[in-house]
Amino acid sequence: MEKVQEQPAQTLSETAEQPAERVVEQPQDSAATAAPPGDSKEAETEKPAEVAPKEDSKEAPAPPPAATTAATADDANSDIIEEVKDKAGANTQVADPKPQEPADTRPSYLVNNAALSQFFDRLAPIVEKAGHNEMWGVPLKDAQDAPTVNIMIKFLRANEGNVKLAEEQLVKALEWRKKMNPLALAESAAFPSSKFKGLGYITTYRDPTTEKNVVFTWNIYGSVKNVDLTFGNLEEFIKWRVALMELAIRELRLESATSVMDYNGEDPYQMIQVHDYQNVSFIRMNPNIRAASRETIEVFSTAYPELLKEKYFVNLPVVMGWVFTALKVFLSKNTIRKFHPITNGVNLAREFTTFGEEIPKTYGGKGDVLADSGRTVTLQDDKAPETKPEENGNASQAPEAEPASGNPAQTDATNGPAKDDAPKNDKPAVPTDTKTDAPADAPANTLADAPADSRPN
């Protein structure tokens, strides 16, 4: 009996030991294999528990396909999730309740300049209020019209970007043009040659470096034979001066502009002014000159802003240097920068190295005299008043007697009678009455062409 009992015990013991080796990989069953081999009943009871690990060990290689399948499923699910997200995002965009702002279709010069844009918003009411829409030969239209934009920029610049002030000035300028009709003055008006002959000219020179025309206006004050006669009729003098200015503006070709100038850049639509004081004496101020200068300032500062590029005072006596010193107190640095006093007129050509030779010889160039090369307003011989012989000694009447020689056209061309009478009566009047023609008229015309700069700093 003892042998029979021992044999199964060994078998059971071996059986118990085999799973024990396998259980190394199954830590959870280590407690069962560690049971003592003496109790067969416990071994038999534990045997079924050992079978399970066997089956598990045989089925162990199966998980990889399941993992691959799970990974594939996860990838597919992730793709689906991403697609759902994309669709959800797309739906979210479409369903955005906030309206999208329309693109700004305005020109860049309005987008980048709020003041100019506001100024254009006021253009229609400005034109309606003034009852006139023409400025310097250009019909004011809208922000798509380059000539209109350039003119609006000039008025805004003249007022340092202040829209309200620019609007007020433009209204006044349009009202003045409606009343004065300066285009007609330049095109069809005729002025007495005895008063204005030789006083003003316009020339144009080609600058080879820029391939653009440079417009000059010349005021030759030494040609004035009788100050009272030339400046005595204030309304007539202003009309003559306006007509000359309009002719110069016509040379700028503002109406032909195809592009808008840079608000903060160079202005290509400006002119150069030359005031010649040869043979003019500066002793005292004539009341007529004072009145003419004051009126010129008022008119030109309103109606012709930002048209002056540089201003040259030639043949100016050294003693007149005080004029520019005084002007520095009242004018801005920008205006003073445009003033160039030149004592000797022949040095003027040196200021323009690229086309200086075209300037008249009188001013250091090789060009013809202004009487031959310059353009001016329409002049006509004024009719001589019926005067008694003893009245011919009156200096103010002497120039008016020029046509009495018989042939008015020939008299105007030769200026014969005027030359005969000038030494006797007119010459003393010039030194006496044109003393401050330079300081009065110089700032007058300069300020008229640059009103924004005419304000004190």
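For all residues, glycine too, the Cβ spot is worked out from N, Cα and C.
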Of K172, K178, K179, K311, which does Swiss-Prot put in the heme site with Y221, R241, H275, Y277? K311
Per-residue pLDDT averaged over the domain 'CRAL-TRIO' (196-371) comes to what? 90
For heme, whose listed binding residues are Y221, R241, H275, Y277, K311, the greatest C-alpha pairwise distance in Å: 17
Tally every other Cβ atom lying within 10 Å of the Cβ atom of H275 (heme binding site). 23
